[in-house]
Amino acid sequence: MSDLIGLTTHGRDVERSEVLPTRGHPAPDTITKLVKRLRALTLTLLPVEVDPESLTEPTSTIITQEVITAYRAAAGDFEQALPYCLLRAHAEFMWDANHNPADYGENYGRAVACEVLARKIAHLFPRDKLTDVMSTRYQHLQIDGDLSETASALEMAIDQHCTVFLSSSEAQEVVNALWNGELVQINNKNNDIDYVPYSQLREHTLISRIDASRMSVPRYQNIFRIVVWLFFLVVYSQAVREPLERIDVTHPFDIWEVILYFMALSFAVEDTFRFIKLLHFVVWWRAFSFWNIIAFVIDALLVAAFALRVAGVSAGNDDAGAHWRLSSFQVLSCVAPFIWMKLVTIFDGYKYIGTMQICVARMLKESGIFFALLSVLAVGFAQGLYALDAADGTIESPYTVINVLIQALLQSPDYSKFSASPVGLLLYYFWNTVTAIILLNILISLFATAYSDVVDNAEAQYLAFFASKTIGMIRAPDSYVYPAPFNLIETIFIVPFENLPLIHLSEKNYAKLNRFVMSFIFFIPLTIIALYESTFTSDFGNKNRWVESWFRGDDEGAEDAVENRNPTVDDMNCRGMEISKVPFEELVKVFPNTTQSTEATILKEVVELRKKLDLVLEKLNA
């Protein structure tokens with residue numbers, strides 16, 4: 001196995017694999033067998049519980065170079081599928097941990113070990129093979145014998161929120177290439193995909209860069225969403241500030257209202273398709289995240305406001321029509337907090353806002369315990385206070401009891417409400433004590449724990465979130481992306497040519513139709529994208545390198561290049577003088593081996609000392 005990993009001086013540098021097998025795609029049965037073998041290896045490696053931090057340390061005494069070598073050898077000719085299989089083993093160990101509380105620590109440690117191994121093994125692949133390792137999609141056999149959904153190592157890591165793997169430079173290199181559009185997704189049959197460099201798909205001219213498919217690039221989608229959402233906020237602000245007196249029968253809808261409800265319909269369609277996509281490609285419960293619920297609330301309120309507005313217009317200019325119009329504007333006003341709140345998700349591509357969003361989402365997740373306890377206690381106290389109110393023969397509205405309970409929860413109790421009933425007052429005191437002293441302090445501690453967990457690991461959390469955001473934009477097999485509100489044009493005028501039998505177009509003609517329509521609609525954005533890419537990117541060679549250097553600065557990431565280790569002096573004023581009098585290889589011999597822990601270094605020295613001692617004893621005995 002030593003030929004799989006070559007070590008240089010003091011084991012500091014690990015040589016990357018030179019040749020990877022390029023044979024046929026492994027079948028699900030083969031992937032399943034490899035996953036089972038990796039699980040057996042991990043069970044042997046970690047038969048007892050270990051501290052997860054000892055596994056994630058760079059100089060771990062458990063995940064050593066020898067262990068990595070063994071896992072690579074265990075894959076045989078299927079080394080390219082090894083990261084995927086390790087992440088699949090991670091998922092199975094996490095399932096075991098969550099369904100067997102007695103062995104949670106052991107199985108959680110094994111899951112962490114699989115994720116760390118997947119990251120370190122992915123680091124050993126050559127750069128030109130990294131995209132295939134991350135993007136090749138596999139299937140495995142489930143327990144009932146059915147085939148699983150196809151997924152790649154990158155998608156598997158995102159679905160499991162593997163921060164250790166996704167925060168690696170290898171994963172982020174692929175993610176950033178997808179975000180910037182340097183890699184594009186090619187959809188094959190059976191929902192299979194390939195990531196292909198965009199430079200291979202078009203000529204190096206400005207005209208060729210005016211490509212409708214560039215609207216599917218996550219970075220440009222994100223910029224387009226920001227512009228559209230800011231415009232939507234302006235439209236909404238204008239719509240809600242129109243006084244009711246200006247709305248009459250002859251002009252039932254203001255122009256701002258027309259634009260508002262048109263955009264609202266496009267957002268509702270987009271959110272519906274995104275929700276269906278989440279249900280299809282990820283675990284079903286992940287589709288019900290906090291921001292998806294906020295989007296559903298926004299869409300529901302806008303639809304309700306529109307329905308009330310139509311009812312008011314249909315009723316005419318009488319009192320009933322005025323009532324419906326007033327109700328419509330009242331419902332529309334309730335949308336404001338939610339659409340401004342959703343502004344956070346529009347700018348979450350920026351690190352600070354993205355980290356803040358992660359903190360909020362984690363806090364809301366942790367607060368589930370608080371709201372579960374609160375709901376149970378609220379039902380009990382509400383029932384008790386309502387029963388006391390009914391004991392004297394007069395019953396008030398149930399909403400009165402609910403109102404006083406909510407007021408007490410918000411630190412504004414109304415004790416005079418139960419002053420006539422000592423038992424009711426005592427029960428109300430008890431409710432205030434439980435909520436103000438016990439439950440709220442539990443909520444504060446949960447929020448503090450969630451915040452510290454995110455902040456202590458903010459970099460890895462944000463990188464995992466960014467990877468999820470990027471892959472989520474391109475994961476569905478959609479070659480022609482029409483961002484809202486232009487998705488209505490696709491739904492009404494384009495989709496029928498794909499689905500309806502009488503006007504059905506061939507795949508080639510349907511592609512031409514989409515390219516023509518998108519090029520016409522998005523001509524200005526596509527032209528800006530083409531000018532940007534042809535000016536600020538340097539994949540044409542050195543044509544625009546000076547512009548890139550001017551805006552981005554010098555490349556400071558190649559200090560460890562081979563040509564920098566033993567530089568030569570070409571200075572005419574310093575003839576006969578050298579920088580590399582002492583070769584680089586001689587200089588690093590005195591460096592400590594930072595890839596190994598102190599314990600491993602001591603043990604290695606002890607083993608070497610023991611060998612020398614055995615040799616001395618052997619000579620003395622002779």
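From the backbone N, Cα and C atoms, a Cβ is placed for every residue, glycine too.
According to TrEMBL, the feature domain 'YVC1 N-terminal linker helical' maps to 31-209.
Annotation comment: TrEMBL describes 255-536 as domain 'Calcium channel YVC1-like C-terminal transmembrane'.
Per TrEMBL, the feature transmembrane segment maps to 223-239 (among others).
Taking Cβ pairs closer than 8 Å, the transmembrane segment (259-276) reaches residues 228, 232, 235-236, 239, 287, 292, 295-296, 298-299, 302-303, 306, 309, 483-488, 491 in its own chain, all 6 or more past its ends. According to TrEMBL, the feature transmembrane segment maps to 259-276 (among others).
If you look up TrEMBL, you'll see 288-308 (among others) marked as transmembrane segment.
Packing against the transmembrane segment (328-347) from elsewhere in the chain are residues 225-226, 229, 232-233, 236, 239-240, 244, 291, 294-295, 297-298, 301-302, 304-306, 308-309, 311-312, 353, 356-357, 360: each is 6 or more residues past its ends and has a CB under 8 Å from a CB in it. Annotation comment: TrEMBL describes 328-347 (among others) as transmembrane segment.
The transmembrane segment annotation in TrEMBL covers 368-388 (among others). Beyond the ends of the transmembrane segment (368-388), by six or more residues, the same chain brings 398, 401-402, 404-405, 409, 418, 421, 423-424, 427-428, 430-431, 434-435, 439, 442-443, 446 to within a C-beta distance below 8 angstroms of the stretch.
Summarising the annotation, TrEMBL assigns transmembrane segment to 428-451 (among others).
The transmembrane segment annotation in TrEMBL covers 513-532 (among others).
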Can you name the far-off residues of the same chain, 6+ from the ends of the transmembrane segment (223-239), with a Cβ under 8 Å from a Cβ of it? 215, 254, 256-257, 259-260, 263, 267, 332, 335-336, 339-340, 342-343, 346-347, 483-485, 525
Per-residue pLDDT averaged over the domain 'YVC1 N-terminal linker helical' (31-209) comes to what? 85
